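J.: From Swiss-Prot, here are the annotated features:
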type	residues	note
CROSSLNK	Lys536	SUMO2 cross-link
CARBOHYD	Asn297	N-linked glycosylation site
MOD_RES	Lys185	N6-acetyllysine
MOD_RES	Lys536	N6-acetyllysine
SIGNAL	1-22	signal peptide
TOPO_DOM	23-437	topological domain 'Lumenal'
TOPO_DOM	456-605	topological domain 'Cytoplasmic'
TRANSMEM	438-455	transmembrane segment
Amino acid sequence: MEAPIVLLLLLWLALAPTPGSASSEAPPLVNEDVKRTVDLSSHLAKVTAEVVLAHPGGGSTARASSFVLALEPELESRLAHLGVQVKGEDEEDNNLEVRETKMKGKSGRFFTVKLPVALDPGSKISIVVETVYTHVLHPYPTQITQSEKQFVVFEGNHYFYSPYPTKTQTMRVRLASRNVESHTKLGNPSRSEDILDYGPFKDIPAYSQDTFKVHYENNSPFLTITSMTRVIEVSHWGNIAVEENVDLKHTGAVLKGPFSRYDYQRQPDSGISSIRSFKTILPAAAQDVYYRDEIGNVSTSHLLILDDSVEMEIRPRFGLFGGWKTHYIVGYNLPSYEYLYNLGDQYALKMRFVDHVFDEQVIDSLTVKIILPEGAKNIQVDSPYDISRAPDELHYTYLDTFGRPVIVAYKKNLVEQHIQDIVVHYTFNKVLMLQEPLLVVAAFYILFFTVIIYVRLDFSITKDPAAEARMKVACITEQVLTLVNKRLGLYRHFDETVNRYKQSRDISTLNSGKKSLETEHKAVTSEIAVLQSRLKTEGSDLCDRVSEMQKLDAQVKELVLKSAVEAERLVAGKLKKDTYIENEKLSSGKRQELVTKIDHILDAL
């Protein structure tokens, strides 16, 4: 009985394909030519590889419908984006399908890329592999003073890490500056300005690794969004409200030693690696834009409306140095007809999962909450890439009864390539739109009924005149603070006009700036004088402090105008440059002292 079983087993093993046969293995492929470009000019590492992939055949007649892409073990954990395209074709809808896979006994991450057309033996295809890595440029030294420049270290691979052999390869490294402390010398690389060229390297075996290291100056903004919550609230009454809560951190070299605001404002190269401001691109239809932090509205931001977008310059209250953090909120409204589509009771919301915050952005952790109208059902989400979903929540706001459904999604390690649309499908019964108007009618009915009863009752209310007086004084003081800050801003703007005049020597620019300063300064000073009179009427002792501040401001204005006169004399050749610089230094010191006194008075107010 056992003999026939043994014979059948031996026959099955003889007929089964061996592990090395063509039926059990994918066709062998070869990287005929690889051109790598490693862009290290920002705080991201962008690696682009142009690969000529060949199917040499080698006795195999099988067609290759896909190939395997590998990432180095040292960089795999910091991968933010991976895209593969066929070279020479339009970018739209040209991304090849990529799925992560595993290779037994090999380290690193591996992906299977599906080819648009299967490769026959002897044929080739040119592809472009784009990868973006975050937090792989490490500051060295890790701490610098305000006046020092920032240097970083990057470690990678000289070779194109691949499961296939490579016949020839070159690598070009683009740095942020020409100031290079050191770099590896494999193959005697050439250097031109901020470019390092390695190779060509010949006949590179599969899975080859050789450490590439470069230590160079990089003062680009190392700005990272450590946490961001994006809330999208949809209303069927024509509006979509968007609000973004952003936690920012400068992840470059940590500031060592004291910080001098005077040097920071006076010297352009002071804190060269710090972040003074950045630009956020909002949708073209954005309206009612606001920007605030824990203190309140930040008035130093600027909004520029363009044809295809709204550009917002965000300037934090203080410059960001290495290790420093800040938090702010940006919100705006959008018309729903541009993003919300419907067919009967079927609705589709198409919006960006994450939008532009700043150039070369890095988001460590993103939470997106999409608040749908009350009564939305059968919710489905189509995302352009993998996202993590949390259980749906309920959100209650005005006139809600059983709550609005909230979609909660998460993703980590995002870059600009993740700025893509997400589509949310749901059903909504339009009859439910009558719910809120009926609730409003009922609320007004109850209100009027309550008022009718209230006016027929007699209540005696005792007022507190002292409390009302304090509230009036506080309101007037707040207006004075706003106007004083506005007046100081006029001086800063005029300083910029004087600097432009010294460069262009256009006297009309200076005269126009003087006229604008006089007009606006007179208007603001008059408003402060009116508020000072109101404080005096209220019997507040703050009136004297405002009067003192007015006197100090007159001295500041005198110094500002004197500085403009000195600039005219300098441009006209009536004043030597050394004398001008010395006078300007003395004037700046006096002016800074006066501004400090004004700040102390403002703090007292």
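Note that the numbers count up from 1, one per residue, in the order the chain is shown.
Yeah, the Cβs are placed from backbone N, Cα and C, and that goes for glycine too.
If you look at the structure here, what lies around each of the features I listed?
T.: Under the DSSP three-state reduction, Lys536 (SUMO2 cross-link) is assigned to helix. Neighbour list (Lys536 (SUMO2 cross-link), Cβ cut-off 8 Å, at least 6 residues apart, same chain): Cys543.
Counted within 10 Å of its Cβ, the other Cβ atoms near Asn297 (N-linked glycosylation site) come to 9, all protein chains included.
The Cβ of Lys185 (N6-acetyllysine) has 8 other Cβ atoms within 10 Å, all protein chains considered.
Confidence annotation: the topological domain 'Lumenal' (23-437) carries a mean pLDDT of 91 in the model.
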J.: Helix, strand or coil by DSSP: which one applies to Lys185 (N6-acetyllysine)?
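T.: Its secondary structure by DSSP: coil.
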J.: Give me the DSSP three-state residue breakdown of the topological domain 'Cytoplasmic' (456-605), ordered helix, strand, coil.
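T.: Output for the topological domain 'Cytoplasmic' (456-605) reads 130 helix, 0 strand, 20 coil.
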J.: I'm trying to understand the geometry here, so how far is the Cα atom of Lys185 (N6-acetyllysine) from the Cα atom of Asn297 (N-linked glycosylation site), in Å to the nearest whole number?
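T.: Spelling it out, the Cα of Lys185 (N6-acetyllysine) and the Cα of Asn297 (N-linked glycosylation site) are 53 Å apart.
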